[in-house]
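Enquirer: Quick one: the structure is below, and I'll ask about it shortly.
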Amino acid sequence: MTGLGFAGFGILLPTAPLWAAQGGAGAAGVGTVNAVLMLVTVMTQTVVPAALRRIGWRTTLVVGLGLLGAPALLHPLSNDLTVVLALSAVRGVGFGVLTVCGAAAVAQLVAPASRGRAVGAYGLAIAAPQLALVPLSPWLAEHVGFTPVLLAAACPLAAIVPAARLGRLLDRAAADPVPHAQPAWGARGIPRPLVSAIVVLMVITTAGGALITFTPQFGIDPTTSLVSLLALTGAAAVSRWCFGAPADRYGVRPFLAPLLLLATVALGVIAWAIGDPDAPRGLLVPAAMALVGVSYGGLQNLTLVAAFAAVPERHSNQASAAWNIGFDTGTGIGSLAVGIIAAGGSFGPSVAATAVLCLLAVPVALTARGRASRHQ
């Protein structure tokens, strides 16, 4: 389910804006395609926990995957910007459902002692299709044709049947005596360890979002840019999976601060390399991007484990929503803030700012909790 859902998302992430450009949209219009997608995604993520309580897992999952996949069947009919934006908004609803439900299902189905490995496997299911499809889809669209690529993005529809089976299982598991009217976080408000985990996540996704968005504009040659992005995404995919077992054995706290420090150093190297024309960019930028990828992927795993550990078991849906909102918000901030800073100069200071942000988050990382909590 997760692999097919994120495959459809990954195909259209670069291709839908390109399709709008084919229809005559300018740079600003093209940029709004994924902006609308992520805005609607975040808005949807805030209400998914309530939907799970009211209409159940099965209905929520089936509707979500339908909304994520069906718009792809309509994309070939028009590349007008208005149509593309409308379809992106519908896809955003589906993607918001998938992201929250996928992570929450891990918490529901797996014992806390094994949750790190489960989160790692879940992360690999997310990252693997995107690693191949995000760079390949626009190339295929331009060399083979847009129609087959756009139609291929309907693959989330193939996940509806297994999702319905999974939803039925989760609905049975959710039939417990816990009253649904109970406040989400209790009288004390949002747990501090959950806030810490989300802050760390937002910091690293701010850096990752900036690199994914702006690396092609760093003034390096296209080959180095491509290799650098592959190094980032490839290292992130492997790291997200590999940190699962250590998180189960040792908890997340021993790893959060070192990974933030690693990202700080690597981002500093990138900032220096793209700002110094005499620097060996062809070597330094891909190597540093791979190190950022280790932090980027590892911290995604660890912060999700920490988010689940910070709340009672019955609130795992809310923890999943908070984590996904933090991820998407951080990614958006990275794209927006780094672009604004770079508009007044170059990308070197912008990337350096993300390095400083990672360094400042180290004390916050020390307050996160990462094993099964007393609530579980």
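Each residue's number is its place along the chain shown, starting with 1.
Cβ coordinates are placed from backbone N, Cα and C, and glycine is handled just like the others.
Dumping what TrEMBL says about this protein:
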DOMAIN    1-373  domain 'Major facilitator superfamily (MFS) profile'
TRANSMEM  30-52  transmembrane segment
TRANSMEM  59-77  transmembrane segment
TRANSMEM  83-107  transmembrane segment
TRANSMEM  119-140  transmembrane segment
TRANSMEM  146-164  transmembrane segment
TRANSMEM  194-214  transmembrane segment
TRANSMEM  226-243  transmembrane segment
TRANSMEM  255-275  transmembrane segment
TRANSMEM  287-311  transmembrane segment
TRANSMEM  323-344  transmembrane segment
TRANSMEM  350-368  transmembrane segment
Enquirer: Could you check whether the transmembrane segment (146-164) and the transmembrane segment (350-368) come into contact, where contact means at least 3 Cβ pairs under 8 Å with the two residues of each pair 6 or more apart in sequence?
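Expert: Answer no, regions not in contact.
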Enquirer: Go through the chain and flag residues at least 6 beyond the ends of the transmembrane segment (59-77) whose CB is under 8 A from any CB in it; none is fine as an answer.
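Expert: Long-range Cβ neighbours of the transmembrane segment (59-77): 1, 5, 8-9, 11-12, 16, 19, 48, 51-52, 83-84, 87-88, 90-91, 93-98, 101, 146-147, 150-160, 163-164, 166-167.
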Enquirer: Should the transmembrane segment (226-243) and the transmembrane segment (287-311) be scored as in contact, given a threshold of at least 3 Cβ pairs under 8 Å and pairs 6 or more apart?
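Expert: Per Cβ check, the transmembrane segment (226-243) touches the transmembrane segment (287-311).
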Enquirer: Cβ under 8 Å to the transmembrane segment (30-52), counting only same-chain residues 6 or more beyond its ends: which ones?
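Expert: For the transmembrane segment (30-52), the nonlocal Cβ contacts are 13, 16-18, 20-21, 60, 81, 84-85, 88-89, 91-93, 95-97, 99-101, 104, 174, 184, 317-318, 320-321, 324-325, 328-329, 331-332.
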Enquirer: Within this structure, do the transmembrane segment (119-140) and the transmembrane segment (350-368) have 3 or more Cβ pairs under 8 angstroms, counting pairs 6 or more apart in sequence?
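Expert: Contact criterion not met.
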Enquirer: I need to check the long-range neighbours of the transmembrane segment (119-140): which residues 6 or more away from its ends have a CB within less than 8 Å of a CB in the stretch?
Expert: 2-3, 6-7, 9-15, 18, 102-103, 106, 148-149, 226, 229-230, 233-234, 236-237, 240-245, 247, 297, 300-301, 304-305
